[in-house]
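Structure, as structure tokens:
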Amino acid sequence: MPSARLLVLFGSQTGTAQDVSERLGREARRRQLSCRVEALDSYPVVNLINEPLVIFVCATTGQGDPPDNMKSFWRFIFRRSLPSTALRQMDFAVLGLGDSSYAKFNFVAKKLHRRLLQLGGSALLPVCLGDDQHELGPDAAIDPWLQDLWEKVLGPHPVPLNLDLSPPGVLWPSKFTLQFLKDTPSSGPEELCAAGTDPQGPPSELQPFLAPMVSNQRVTGPSHFQDVRLIEFDISGSGISFAAGDLVLIQPENTASHVQQFCQALGLDPEQHFTLQPREPGVTCPTRLPQPCSVRRLVSQYLDIASVPRRSFFELLACLSPHELEREKLREFGSARGQEELCEYCTRPRRTALEVLCDFPHTAAAVPPDYLLDLLPLIRPRAFSIASSLRILVAVVQYQTRLREPRRGLCSSWLASLDPAQGPVRVPLWVRSGGLTFPKTPDVPVIMVGPGTGVAPFRAAIQERVAQGETGNVLFFGCRRRDQDFYWEAEWEQLQARGCLTLVTAFSREQEQKVYVQHRLRALGPLVWELLDGRGAHFYLAGNAKYMPADVCDTLLSIFREEGGLSDPDAAAYLAQLQRTLRFQTETWA
């Protein structure tokens, strides 16, 4: 009996959906199912009409948007010309990854599920809604859903009778082989493959622009708890263009000390060079990785050793471990029953992959180099709102958990360490459209709520609107203290004096009772209602995703009830209508 053919397609922005998809592929192969795993935009979407069994794994980004690597697929699948019977031969399931603190929680997965049904597909299961906010992360929803999935899949597509289910601990071949070179290349192949200062076409993730850093200035007061930097880049000659609301993406690096520590733990020579070869046809090497490449460059610029590892990391480490006690603990962390223990050991204290490897020294020393790219994800670029010209406002992430060493943000700490005054500094970057789009129609007012570094995209928008003669700009800005973290204070006050801006501030620590932007919004409820309902204003919100967005939405609902006289259901419908028509837009981050 031939084994069933399973296709797993993913749309991933941060790598989680890809990681889950690869887990699905491993579990399918354990069940003797032929399985391919591909990014949605890498797959020829017209071939879907020939696929009998497809699992879609997709994240939701921004304002309920699809990830970058499924946008072409998204446009195609929603073509009105597609017949309602196009996918009638296909059994499918959709696994979504999202964050329930966002208004459009798992919007992409829900909408894709409905569309596949419209095109005649048969759903094996209801859509899975993985939630980053759950204490155990998305796996809390994924684990039981996968158990049901395999029961459904193996019903119509049974495992051949002469084949057994492979045990979980069986080690599968690595995706790639690292072939070490005996001699160090005399020329500079890495530099030839690196991002250039004169790229062909617009800079992109595959070919970033190496932008000179012009300045790196701390803009918070010396006694302020957080180091926030205003960083400027020179993009002349890059071909980069952008509009208000766009984002700059920056590719960070690991610290030299972490690179050295990692190489020591795994017994790697950082100066050794290698070439990478895929084991299977159809598998391509990471596009940005030069060939040949040094171990130092691989660990420094590509392997995300400072990230908090996912469950798959522990599953693979357990398979690779020669040490009985370490292997048993790793198996527990990689199992469904061990997720609470894994959360306590790794997720809550934000323990990094490097720290885990140091905690399991016998296992780390035995990791074959061939498995490095299976074990560790590639470093993802970080996105920052463009404040103006090419300037970004970066809050340097540092916080304490129960671990001795403070937790530090990889990209923000790396950027803060760069000092152009000490010599030339170049940073790989490119620009893409952001989640915020501002009205093109003249004389449409805008209300912008940007506490802290959330004010950055509004600086670019206000500058652009003022240059076009637009004066209907209302900015609600909040910070702790006027003298410590009031970003661009002089600029805002000058614009207000010229009649180009209405500035409303909330300094939370300057009085006994804390005052936040939502309190100032409520105090100016009549103005907010008049602008939204009477003058068709657009409302924008940017900043930390933890509590502020929900608090601002609650405040708006109260304004709609009290100033607009709406009932609770009508106020909620009014807010939903603003969101649907893009008159209410958010850009938030964890």
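Yeah, the Cβs are placed from backbone N, Cα and C, and that goes for glycine too.
Taken from TrEMBL, the feature FMN binding site applies to 12-17, 59-62, 97-106, ASP132. In the shown protein chains, 17 other C-beta atoms lie within 10 A of the C-beta of GLY15 (FMN binding site).
SER412 (FAD binding site) is surrounded by 21 other CB atoms, counting those within 10 A of its CB over all protein chains shown. Residues annotated as FAD binding site in TrEMBL: ARG350, ARG382, ALA383, PHE384, SER385, GLY409, LEU410, CYS411, SER412, TRP589.
Taken from TrEMBL, the feature NADP(+) binding site applies to THR453, SER508, ARG509, LYS514, VAL515, TYR516, VAL517, GLN518, ASP551. There are 16 other CB atoms within 10 A of the CB of VAL515 (NADP(+) binding site), with all protein chains counted.
The domain 'Flavodoxin-like' feature in TrEMBL is assigned to 6-150.
Annotated domain 'FAD-binding FR-type' per TrEMBL: 206-439, in sequence order.
Within 10 Å (C-alpha to C-alpha) of THR453 (NADP(+) binding site) lies none of the binding-site residues ALA59, PHE105, ARG350.
The shortest Cα-Cα distance from SER12 (FMN binding site) to any of the binding-site residues (ARG350, ALA383, VAL515) is found for ALA383. With helix defined as DSSP H, G or I and strand as E or B, the domain 'Flavodoxin-like' (6-150) counts 58 helix, 35 strand, 52 coil. With SER412 (FAD binding site) as the anchor, the candidate binding-site residues are ASP99, VAL515, VAL517, and the one with the nearest CA is ASP99.
Look at the binding-site residues ASP99, ASP551 and count other Cβ atoms within 10 Å of each Cβ; ASP551 has the fewest.
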